[in-house]
């Protein structure tokens, strides 16, 4: 049986890590595409030369022609300018929309049967554009945001409580921006509610526990900006790559994972016609199901606010 083919569009920081992780996990053969000649070839050669040490047989190729992504099973798009200090994800929209247009046309022409995972910012707008231009079914075009935002939230909870990140379940919904919605009510450490654990840590002081959680939420919402501020020359790339690979693996290996995915809603959660981060089952058919659950009044208000921000951003492209 032929190995799966993974096409990575954009040979920057995230693209390089994606190529390495795809190879390490033996997800399939990798084509790394970039418009800069030599860049994807150099990165893939460098990763491939580690194959005897890292013990993988996946073939890695660098490319400057969209024809080389022909027949890809899955395409992960990172192309676009990264954020710099002081910029919001939304500031990138005009430049990255032009890039996304040509990328989407390339995917439509050469990988018409592929699943597409978009990482490029501003995410909610870029994934909308990609689906519109490719014309692919919405089950095959999705955005990576929630997996990363949820991972950040879970990490901050684990560090606060001094527990293993493996045991923390936390989910973030909504848009990939400052209005994202961490679902505090269902956050737990192996089934034990996080709020209860924080209260116990602070000797039953409910007000203190709320204050601590508010700080964790705020840090989660600004986590991307925190990394940008420290790096000064770009934005996060290790964690976004890992998050996109989790999604790709769920599809390629038909894992039926329930993950927060930026998906096109058709009435779910009261939203129609917009890409928003919601829980989805990811498997061999891409987004196989959007999983709805009831939000309480506070969560609903935050979610509505987040959706309004997404609508404003997406509508600004029209």
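Cβ atoms here come from the backbone N, Cα and C positions, even for glycine.
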Please state which member of 55, 96, 113 Swiss-Prot lists alongside 10, 11, 12, 13, 14, 15, 34, 119, 120, 121 for binding NAD(+).
96
How many neighbouring Cβ atoms, not counting its own, are there within 10 Å of the Cβ of residue 176 (active site, proton acceptor)?
29
Can you name the recorded positions among 12, 14, 34, 119, 121, 176 whose CA is within 10 A of the CA of residue 83 (substrate binding site)?
121
Within the same chain, and leaving aside 83, 89, 121, 152, name every residue whose CB is within 8 angstroms of the centroid of the CB atoms belonging to the recorded substrate site, in sequence order.
122, 123, 176, 177, 224, 225, 228, 235, 236
Do me a favour and check the Cα-Cα span between residue 34 (NAD(+) binding site) and residue 89 (substrate binding site); whole Å is fine.
22
May I ask which residues of the same chain, at least 6 positions away in sequence, place their Cβ under 8 angstroms from the Cβ of residue 119 (NAD(+) binding site)?
14, 76, 77, 78, 143, 144, 240, 244
